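Starting off with a structure, shown below.
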Amino acid sequence: MATNGLMASSSVFLHRPRIAFASRTNQTVGKYGKGRVSFMGIGTRRLPVVLSMTAMADSGEEAVKSVLPGNGISIMVNGCSGKMGKAVIKAADSAGVNIVPISFGSAGEDGQRVEVCGKEITVHGPTEREKVLSSVFEKHPELIVVDYTIPSAVNDNAELYSKVGVPFVMGTTGGDRNKLYETVEEAKIYAVISPQMGKQVVAFLAAMEIMAEQFPGAFSGYSLDVMESHQASKLDASGTAKAVISCFQELGVSYDMDQIQLIRDPKQQVEMVGVPEEHISGHAFHLYHLTSPDETVSFEFQHNVCGRSIYAEGTVDAVLFLAKKIRLKADQRIYNMIDVLREGNMR
């Protein structure tokens with residue numbers, strides 16, 4: 001089987017256009033592990049394996065309404081002008097969480113007002129952020145900050161939250177992750193840190209890490225093809241895909257990360273991948289295809305997400321989880337989405 005990409009002429013996927021991504025069935029807290037891309041630093045606790053998963057944005061609308069009331073929790077969503085920030089505000093509002101009408105953004109956004117769910121939120125630029133955050137925290141001592149900003153701001157933002165002492169949920173990817181954990185650990189504040197807030201996707205990733213640890217070398221000699229499709233604005237390869245590939249590498253598969261086939265062209269996304277046109281601007285489709293050396297055995301793993309509600313709902317659950325830990329004065333201070341799942345907060 002050809003291994004130079006899923007769109008190669010000899011690839012089996014060309015015999016199945018439009019369904020390449022279609023579902024066939026319609027802690028270590030702290031530094032990341034070394035040697036491979038460990039998505040969550042999950043540790044050694046293991047769960048059953050999940051093979052395929054598809055989520056649609058609108059399907060979670062009713063689920064988000066089932067969240068327990070906010071119980072006095074207030075959140076400040078930094079990056080509120082972005083699509084994820086707005087999605088989190090909508091999910092939090094449905095959950096009964098109080099939305100503080102203040103947010104941090106870029107210098108160009110300073111002074112802007114963003115309206116979401118009938119709430120007008122004032123955006124503050126980089127200047128006087130510490131003064132503003134301290135004032136908000138004093139007024140709302142139950143405050144939890146949610147960060148959906150940009151990768152280059154991750155470490156500066158974490159340092160700010162740590163200096164003020166406000167707990168936070170970090171949904172922004174990138175930055176120096178080791179430094180991020182060190183900053184929070186030194187400040188001894190409460191935080192949920194995760195580059196992937198979709199709980200079901202996190203469960204799939206956990207299952208992959210379980211399989212990799214329990215059955216190293218199980219797929220030795222197999223070839224791997226990986227295709228991922230995201231909105232055109234995402235220029236880099238999926239971190240989720242890299243984490244799954246790392247698991248396959250431990251399972252004995254030889255594969256370089258630069259072999260990942262990135263689909264960013266809207267026409268290909270609709271015609272070949274099968275992304276609904278209404279979700280071209282916001283989706284995350286992943287497909288992993290394994291083939292035995294003699295091409296008599298093949299395995300497929302996939303997870304497809306349309307929209308952002310799966311991430312927004314997971315973020316709200318992380319907020320509720322963290323608020324509970326703060327009230328209980330838990331000894332552990334830094335958590336990830338695996339901890340949220342283990343708490344039984346699946347909606």
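Cβ coordinates come from backbone N, Cα and C, glycine included.
The model shown is predicted, which means the values in this text are computed figures rather than measured ones.
Annotations per Swiss-Prot:
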- 1-51: transit peptide (TRANSIT)
- Ser52: N-acetylserine (MOD_RES)
- Gly79, Cys80, Ser81, Gly82, Lys83, Met84, Gly171, Thr172, Thr173, Ser194, Pro195, Gln196, Met197: NAD(+) binding site (BINDING)
- His230: active site, proton donor/acceptor (ACT_SITE)
- Lys234: active site, proton donor (ACT_SITE)
- Gly239, Thr240: (S)-2,3,4,5-tetrahydrodipicolinate binding site (BINDING)
Just name the most isolated of the binding-site residues Thr173, Thr240, going by other Cβ atoms within 10 Å of its Cβ.
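Each of the binding-site residues Thr173, Thr240 was scored; lowest Cβ tally within 10 Å is Thr173.
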Looking only at Gly79, Gly171, Pro195, Gly239, the binding-site residues on record, which one has the least crowded Cβ, with the fewest other Cβ atoms within 10 Å?
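Counting other Cβ atoms within 10 Å of each of the binding-site residues Gly79, Gly171, Pro195, Gly239 gives the minimum at Gly239.
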Rounded to an integer, what is the Cα-Cα distance in Å between His230 (active site, proton donor/acceptor) and Pro195 (NAD(+) binding site)?
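Here the two Cα atoms lie 16 Å apart.
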Round to a whole number and give the Cα-to-Cα distance in Å for the pair Thr240 ((S)-2,3,4,5-tetrahydrodipicolinate binding site) and Pro195 (NAD(+) binding site).
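Their Cα atoms are separated by 9 Å.
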What same-chain residues, at least 6 away in sequence, bring their CB to under 8 Å of the CB of the residue listed as 'active site, proton donor'?
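When sequence neighbours closer than 6 are ignored, the residue listed as 'active site, proton donor' has Arg264 within Cβ distance under 8 Å.
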Which residues in the same chain, at least 6 apart in sequence, have a Cβ under 8 Å from the Cβ of Met197 (NAD(+) binding site)?
Gly171, Ile310, Tyr311, Ala312, Gly314, Thr315, Ala318, Met337
Do you know offhand how many angstrom separate Lys83 (NAD(+) binding site) and Gly239 ((S)-2,3,4,5-tetrahydrodipicolinate binding site) by C-alpha?
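Between the Cα atoms of Lys83 (NAD(+) binding site) and Gly239 ((S)-2,3,4,5-tetrahydrodipicolinate binding site), the distance comes to 19 Å.
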Hey, what's the widest CA-to-CA gap across Gly79, Cys80, Ser81, Gly82, Lys83, Met84, Gly171, Thr172, Thr173, Ser194, Pro195, Gln196, Met197, the NAD(+) contacts in the record, in Å?
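Largest Cα to Cα distance for the NAD(+)-binding set is 21 Å.
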Using C-alpha atoms only, work out the spacing between Gly239 ((S)-2,3,4,5-tetrahydrodipicolinate binding site) and Pro195 (NAD(+) binding site) and round it to an integer in Å.
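Cα of Gly239 ((S)-2,3,4,5-tetrahydrodipicolinate binding site) to Cα of Pro195 (NAD(+) binding site) measures 8 Å after rounding.
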Return the residues near Ser81 (NAD(+) binding site) by Cβ distance under 8 Å, restricted to its own chain and a separation of at least 6 in sequence.
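Ser103, Gly105, Glu109, Gln112, Val114, Val123 - these are the non-local Cβ neighbours of Ser81 (NAD(+) binding site), listed in sequence order.
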Among all protein chains shown, how many Cβ atoms are found within 10 Å of the Cβ of the residue listed as 'active site, proton donor/acceptor', not counting that one?
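22, counting other Cβ atoms within 10 Å of the residue listed as 'active site, proton donor/acceptor'.
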DSSP three-state call for the residue listed as 'active site, proton donor': helix, strand or coil?
coil
Relative to the Cβ position of Lys83 (NAD(+) binding site), how many further Cβ atoms are located within 10 Å?
16
